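Can you keep this structure in mind? I'll have questions shortly.
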Amino acid sequence: MRVRTVLNADEISRAITRIAHEILESNKGAGDLTILGIPTRGVPLAQRLTAKIADIEPGVDPAQICGSLDITMYRDDLRHGKLRAPEPTHIPPGGIDGRAVVLVDDVLFSGRTIRAALDAIADIGRPAAVRLAVLVDRGHRSLPIRADHVGKNLPTALDERVFVGLEEIDGEDTVTISWPETAEAEGDQA
Amino acid sequence: MKHLLSTADLSREDAIGLLDVAEEMTQVSTHSVKKLPVLRGHTVVNLFFEDSTRTRISFEAAAKRLSADVINFSAKGSSVSKGESLQDTAQTLGAMGADAVVVRHNGSGTPYRLATTGWIDAGVVNAGDGTHEHPTQALLDSFTLRRTLTGSPASGPGGHARGTDLAGTTVAVVGDILHSRVARSNVHLLTTLGARVVLIAPPTLLPWGVETWPAEVFYDFDEALDAHDFDAVMMLRVQFERMHQSFFPNTREYSRLWGLTAGRYARLPEHTAIMHPGPMNRGFEICAQAADSPRAVILNQVENGVAVRMAVLYSLLTGKEGAL
């Protein structure tokens, strides 16, 4: 496997700051905003995003707008693969009815996670709008889903692997892309 | 995990995993749509050869909240009363495409027989077999206990007990241990989760070989109350329907010596949870004062039963390999 770093800690931080501004701009302030991270790595990203928003907009209480949304029970592949243990879902005290919900995830790939998240949201309540913020969009969508706020667009091949490391979980902020040795060798010959 | 037959089969990780899934399942009641689409298109058969209220209804509610189709079967009013054997009943259900069978039977070992004979290719959940085991009851007891120990609400959403076990707690199980499948399942599971189990019963209502169980045994309730500060007291019903001889002189004497009377209730520490698997006989094994007290978590146990059974069905019917 060959590995290349795509984003370092500073670049991740700058991307989150920019997304925070974008969200506030498109939402016209922080009113009725709810930020829901999708476990595992979407949750710390959502917390950082909320902290940034609270820095920019005075009077925002992170505990009131930031939460997590587990999508395990809504996956379309529960019958296949191994048994999955659900992660905690935490909806902020005000609920999500009539609010602008921003879903936060680390990597947008096939879009199946987001489809599951939309189903989960529909069962919990009826938000006024749902938007999607991701740190990395690596393409290869298999569903008609797009992100509203993207940290970095990363064109990839299907056999490449994108990894987002976050300090809260992995001890280090980094985004890397890795690909099999053989593909590289063929590339060299061409 | 393909079947749930006995709590003795569960490792500490399996058990905590199941309880953690159940924690997430309690969240469903806060949703505007109180259902999860997890088992859409699966069929769960409740195969009940013995009377039951709460277990059958609880399993039915659990399966329905996971969007499964539920078929209820009770031996009364079925071909069993015309002489059909367990094998033929199982094969009939298998031919109709059952994905999971929840079975209660008065013969110990019936779920094991169903799971190992190949009569039916479905996950088997033991919902109580004779005087052997009742694993989902033990799981909901541990779930309720874990909730109260971590200071979470005793039932419903908002628990913060994920990942914890019951290490350091002492639980008394009082009454008809001999005929109780709940006691057997609880002794295994509580021990696996690190709790200390104390059995309190008249010698006639303790099974042969109880000294080999991982539990301390008292014949005298008051001595046990002197010796331990119990975190929970689990009262068991005396199962007269399984008794074919006299195990104690009369009910008044039993009640006085082994019942949770008002006097003993007053002696319990402030934090002791009072549990009962139901159905209760008020005034016999438990006084109304204890059963209705704020320390009683008996209705919480019933409520948690649905979440725990959802977790069990989820773990049995999703995923192709491996445990939690």
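Glycine residues also receive a Cβ, built from the backbone N, Cα and C atoms like all the rest.
Take a look at what TrEMBL says about it:
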- B:Arg54, B:Thr55, B:Arg104, B:His134, B:Gln137, B:Gly278, B:Pro279: carbamoyl phosphate binding site (BINDING)
- B:Lys82, B:Arg181, B:Arg237: L-aspartate binding site (BINDING)
- B:2-146: domain 'Aspartate/ornithine carbamoyltransferase carbamoyl-P binding' (DOMAIN)
- B:168-315: domain 'Aspartate/ornithine carbamoyltransferase Asp/Orn-binding' (DOMAIN)
When you measure from the Cβ of B:His134 (carbamoyl phosphate binding site), which residues in the chain that are at least 6 apart have a Cβ under 8 Å away?
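Within the chain, B:His134 (carbamoyl phosphate binding site) has Cβ neighbours under 8 Å at B:Thr55, B:Asn126, B:Ala127, B:Gly128, B:Arg181, B:Val182, B:Arg184, B:Ser185, B:Pro277.
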Around B:Gly278 (carbamoyl phosphate binding site), which residues of its chain at least 6 apart sit with Cβ under 8 Å of its Cβ?
B:Arg54, B:Arg237, B:Ile298, B:Gln301, B:Val302
Counting other CB atoms within 10 A of each CB, which of the binding-site residues B:Arg104, B:Arg181, B:Arg237 comes out lowest?
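Per-residue Cβ counts within 10 Å for the binding-site residues B:Arg104, B:Arg181, B:Arg237 bottom out at B:Arg237.
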What same-chain residues, at least 6 away in sequence, bring their CB to under 8 Å of the CB of B:Pro279 (carbamoyl phosphate binding site)?
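Listed in sequence order, they are B:Thr53, B:Arg54, B:Arg237.
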What is the interatomic distance between the Cα atoms of B:Arg104 (carbamoyl phosphate binding site) and B:Lys82 (L-aspartate binding site), given in whole Å?
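Checking the Cα atoms of B:Arg104 (carbamoyl phosphate binding site) and B:Lys82 (L-aspartate binding site) gives a distance of 19 Å.
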Could you give the Cα-Cα distance between B:Lys82 (L-aspartate binding site) and B:Gln137 (carbamoyl phosphate binding site), in whole Å?
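Cα of B:Lys82 (L-aspartate binding site) to Cα of B:Gln137 (carbamoyl phosphate binding site) measures 31 Å after rounding.
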Just to confirm: which same-chain residues, 6+ apart in sequence, have a Cβ under 8 Å from the Cβ of B:Gln137 (carbamoyl phosphate binding site)?
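Long-range Cβ contacts: B:Thr55, B:Gly128, B:Arg181, B:Val182, B:Ser185, B:Asn186, B:Pro277, B:Gly305.
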Around the Cβ of B:Arg54 (carbamoyl phosphate binding site), how many other Cβ atoms lie within 10 Å? Please give the count over every shown protein chain.
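Cβ-Cβ neighbours of B:Arg54 (carbamoyl phosphate binding site) within 10 Å number 15.
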Considering each pair of residues in B:Arg54, B:Thr55, B:Arg104, B:His134, B:Gln137, B:Gly278, B:Pro279, all listed as binding carbamoyl phosphate, report the largest CA to CA distance in Å, no decimals.
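About 16 Å separates the two most distant Cα atoms.
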Which residue, out of the binding-site residues B:Thr55, B:Lys82, shows the minimum number of other Cβ atoms inside 10 Å of its Cβ in this structure?
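Relative to the other binding-site residues in B:Thr55, B:Lys82, B:Lys82 has the fewest Cβ atoms within 10 Å.
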Tell me the residue counts in helix, strand and coil for the domain 'Aspartate/ornithine carbamoyltransferase Asp/Orn-binding' (B:168-315), as DSSP assigns them.
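DSSP composition of the domain 'Aspartate/ornithine carbamoyltransferase Asp/Orn-binding' (B:168-315): 64 helix, 24 strand, 60 coil.
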With DSSP assignments reduced to helix, strand and coil, which class does B:Lys82 (L-aspartate binding site) get?
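Once the DSSP labels are grouped into three classes, B:Lys82 (L-aspartate binding site) ends up as helix.
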What average pLDDT is reported by the model for the domain 'Aspartate/ornithine carbamoyltransferase carbamoyl-P binding' (B:2-146)?
93
DSSP says what for the domain 'Aspartate/ornithine carbamoyltransferase carbamoyl-P binding' (B:2-146): how many helix, strand, coil residues?
68 helix, 27 strand, 50 coil
